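Copied over from Swiss-Prot:
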| type | residues | note |
| --- | --- | --- |
| DOMAIN | 617-650 | domain 'EGF-like' |
| CARBOHYD | 128 | N-linked glycosylation site |
| CARBOHYD | 226 | N-linked glycosylation site |
| CARBOHYD | 359 | N-linked glycosylation site |
| CARBOHYD | 464 | N-linked glycosylation site |
| CARBOHYD | 491 | N-linked glycosylation site |
| CARBOHYD | 571 | N-linked glycosylation site |
| MOD_RES | 731 | phosphoserine |
| TOPO_DOM | 19-688 | topological domain 'Extracellular' |
| TOPO_DOM | 710-737 | topological domain 'Cytoplasmic' |
| TRANSMEM | 689-709 | transmembrane segment |
């Protein structure tokens, strides 16, 4: 059973999210005024990418070295709902060029996360102390207020020790270096419920900026993982909540995931988070462990108690995200991080200053990132800084625009879906473009085909009824047999050797025989090899010859003429075998070689001109998994034949056109279990009965059972005695007679 992770709060005495001096939430703070001075700046295309500031704190000068950190995509939108309940994007403009993170010169364990949009606003973290900085609004100069943030310790533990999901005490700890050569990206959608929206500002611009600060802090903490958290979109429930936000975090997470799967289809995102405000709460968060990239479980709930700092809220979010990547809580006796408090230590919520991931967390992340469960972190979103003003009517969808059909394009559909002067939806329209938007500017019904399968390794997608955009383009899982079991599917294409030959030489060509490959690819010259190195042609090992240069059979009498290439002919065993040779460095040179994923033997495929075992494809879709009536898609979900229903193609429905839980025509809310059980971590001690209280209960039950047995036995004995007495009496009477 998957683990549902809950974070116990105990945060009733932490500082408020936005107020620098909330009564009773912090130690006495010394607020001072400082004037930051910009001393260096590096620009690119008209905007700053690196900047250095000098400022004084308590009379001492510190140097802040900052680098621009983008986390907003160009199509970032903030959504809310109008009076009719229809979700609309808010007309706000956001800058993606003024968010920076860096360090304090001379302090290796320091961290700075600030926005420079309107002055400096953010957090400065030393080893064990944090400072908040923000512009002094009443000042005509560049004055800022700076104050020390010192959250008090909570009166209670953050977790019940018996419930804590710590790693095995025998867990082997190794020193893991961050994988800085590989970048990872996580796209999240954040929903702010009504009370949370009112608590942190009650204004769309103010709340949006605070969420930006939250993501900035989160990204700074995740820097050792080389992970960038992208805020793909933001949603405000300003008038009413779309789901009930009462109850414990377990049930709230279930409701949110159910709502997410039915209604949250805005744009591609990997995880969705619901931020909920409560005066007091036993828990501060919930998520599923290790399920970050599972669409059905990729979500979390963060409960924001009345008194909590922005720093602590960022730690809550980071811990939830880490848990969803399978990163466990630290054993403080064996895990180290170089700073007083590590990120995955529950006490991190109570501390100030820099918090880093421990060696244990780094190893957990390293294991997760090489597993199939991390596939959603591999795609890189476009993060071009949005510093240009949007121009309505230029035909480009820019920041703040819902649609832009150009100078003449708005007349294509009667009536026009897009207002050409505002680049917003026209009155009465619910969509403008996309394959799931009909001619009357309304969303197509759920289940209408929007992307047919283009070949046997592709699958169909349908409109989901809530978005004008067709579902993500899914395809058959890599490794599935195709072309009459001769080849396999790779990235949605049947990797057929015969088709490679036809693509290169025309319809008169076919895939070469083993004799052709063995003969030509053993020569290590222009006619055949396993690639080219700086020293010449690469030799093919006998087992790799089917993966070297592409060798085809040619069945026409016409002479082949290829532009910029030499065609090599060879008569081998009565077959005309041909290959191709481009000049070194030619843009088409890859076509000379057999493609990766081409079958080269039983259970083997080509990879980098070598014939290797196909186990690296991780193909595990047996016919039994989909009950012989479907195939697995690239999410490893069954895509069922017509009339057979997902998720396992076992049940049937006559009108079902086929598909999977990802196709857009399936009610995916059913995939969430009706009940989730808290298996570990952060459960209140008062929520369960101690064992010593249960023992007397069982003793009483046993005593009652014993008494009932004794009474029953006694009554039975009395009946036997009465029966014996009556028999004796009757016997005596008969003898007298």
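Placement of Cβ uses the backbone N, Cα and C atoms for every residue, glycine included.
Predicted, not measured: the structure shown is a model, and the values here were computed from it.
Residue 359 (N-linked glycosylation site) sits 15 Å from residue 226 (N-linked glycosylation site), taking the C-alpha atoms as the reference points. In this structure the alpha carbons, written CA, of residue 571 (N-linked glycosylation site) and residue 128 (N-linked glycosylation site) are 77 Å apart. Across the fold, the C-alpha of residue 464 (N-linked glycosylation site) and the C-alpha of residue 128 (N-linked glycosylation site) stand 50 Å from each other. Around residue 491 (N-linked glycosylation site), the same-chain residues six or more apart in sequence whose CB sits under 8 Å from its CB are 475, 478, 597, listed in sequence order. Local packing around the glycosylation sites 128, 359, 464 was summarised as the count of other Cβ atoms within 10 Å of each Cβ; on this measure the leading residue is 464.
For the recorded site, residue 571 (N-linked glycosylation site), the DSSP three-state label reads strand.
For the pair residue 226 (N-linked glycosylation site) and residue 128 (N-linked glycosylation site), the Cα-Cα distance reads 23 Å.
A count of other CB atoms within 10 A of each Cβ picks out 226 as the most crowded of the glycosylation sites 226, 571. Here the domain 'EGF-like' (617-650) is broken down by DSSP into helix, strand and coil counts: 1 helix, 8 strand, 25 coil.
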